[in-house]
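Now, the feature entries from Swiss-Prot:
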- S102: phosphoserine (MOD_RES)
- S102, D241, D243, D245: Mg(2+) binding site (BINDING)
- S102: active site, phosphoserine intermediate (ACT_SITE)
Amino acid sequence: MSKEYFGTDGIRGRVGEGPITPEFMLKLGWAAGRVFRQEGRRNRVLIGKDTRISGYIFESALESGLAAAGVDVAMLGPMPTPAIAYLTRTFRACAGIVISASHNPFNDNGVKFFSAEGTKLPDSTEEQIEHFIRQPMEIVPSSQLGKAARFEDAKGRYIEFCKSTVPFHMSFAGMRVVLDCAQGATYQVAPSVFKELGAKVETIGVTPDGLNINHEIGSTHPDQLAAKVVEAGADLGIAFDGDGDRVVMVDHKGEIVDGDEILYIIARDKMRKGRLKGGVVGTLMTNFGAELAFGELGIPFERANVGDRYVMEALLRNDWCLGGEGSGHIVCLDRTTTGDGIISSLQVLAALSDLGITLHEAKKGMSKLPQHMINVRVSQKVDIKGHTTIQSAVANAEKQFAGKGRVLLRSSGTEPVIRVMAEGEDEAKVRSIVAELAKIVEGSV
């Protein structure tokens, strides 16, 4: 059954436009409550959010809907998305809800759900929720209405959990770190974690006003952090996105260290310690340089479709524990159940501390290959794999790389374009091949 509202990462859109309205959120809360309240038991659902001004409206609406279905609600306030996943498990809640649009601007918002195990809901549960969204709303008898409360110690619990992912004997004393919290959900938690582990911390992006989340700051805009790291003479910088499930880093020279490089550093350290279970999962967009670097280490590598949901599916299918995306979604299943920017960055700092090296030195084992991409607009959906002219051109381009590069054509899931991308050792050659392929695609669709 196809879903009307749920996408690959929950429900998301522009505030005030369906389905991101108070009316829909009320119904969504009720529908979810009907699904979560099984066998008449009074289950509890956690609600967290990022710092968007609209989060307060939707928090109230979801709370009302859940209570109307007879479900108790615990509201945690602004908290990173992965914190909700963790706390859902430790509080023994039946589900967790996050109100966030991740790295998007303040005028977008959305909702994502976590199961009792702290993982994303299966399709079958999302389909059940959509079924009840289409039904008339019926409130349980007054004696069965859910109760709502705010939990004040949630931040402290999550801070202690983050710290527990670093060896007990390890301290980051003497390490100078700049944190960019993107005016988002990590603005209180992240500084506390790194300070309590001994690091000297400077911060930017820790004064959210409900409107400035992700605005020219955070993991999608690391330039401000890079400048601050160099200016402060810091050892490194760490940038999160608005809801804290992504991380990008900056070395002491101001050079960006993206998700592919972070994934490589963590994988190499786990392998060195004998703790890497199986191989590593990347995506179709993971830089070819990462694939080559993993190969040199003898680490199996597999590509999944773009999106942390697909990375997770590949990890579970292979029974592996580490995967991620260039955008900074890093999943360490031996530490947590979802992408976690704070915990991923802690694994990097622990590796640096253990080896006594800088972030700049740690990333040297992987050389990113030049990458170029052109978006070709199309008027209708195109079967790329079944198009003989396009596939012939792709095969010819791959021959030119002779195993030292790759070509990728894929349709966007959000806009009417075909993304034509190539990577290789020679940047001029890469650009030439992409330009030629883009022309062929334009002339064939």
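Cβ coordinates come from backbone N, Cα and C, glycine included.
Worth saying up front: this structure is predicted, and the values here are computed from it rather than measured.
On its own chain, D241 (Mg(2+) binding site) has S102, H103, A182, G184, N214, G218, S219, T220, V247, G328, G341 as residues at least 6 apart in sequence with a Cβ closer than 8 Å to its own Cβ. The residue listed as 'phosphoserine' is surrounded by 27 other CB atoms, counting those within 10 A of its CB over all protein chains shown. Long-range neighbours of D243 (Mg(2+) binding site) (same chain, six or more residues apart, CB within less than 8 Å of its CB): D50, P80, T81, V98, S100, A101, S102, H103, G184, A185. Proximity of D245 (Mg(2+) binding site) to non-local residues of its own chain (separation of 6 or more, Cβ distance below 8 Å) is seen for P80, T81, P82, S102, D308, H329, T338, G339, D340, G341, given in sequence order.
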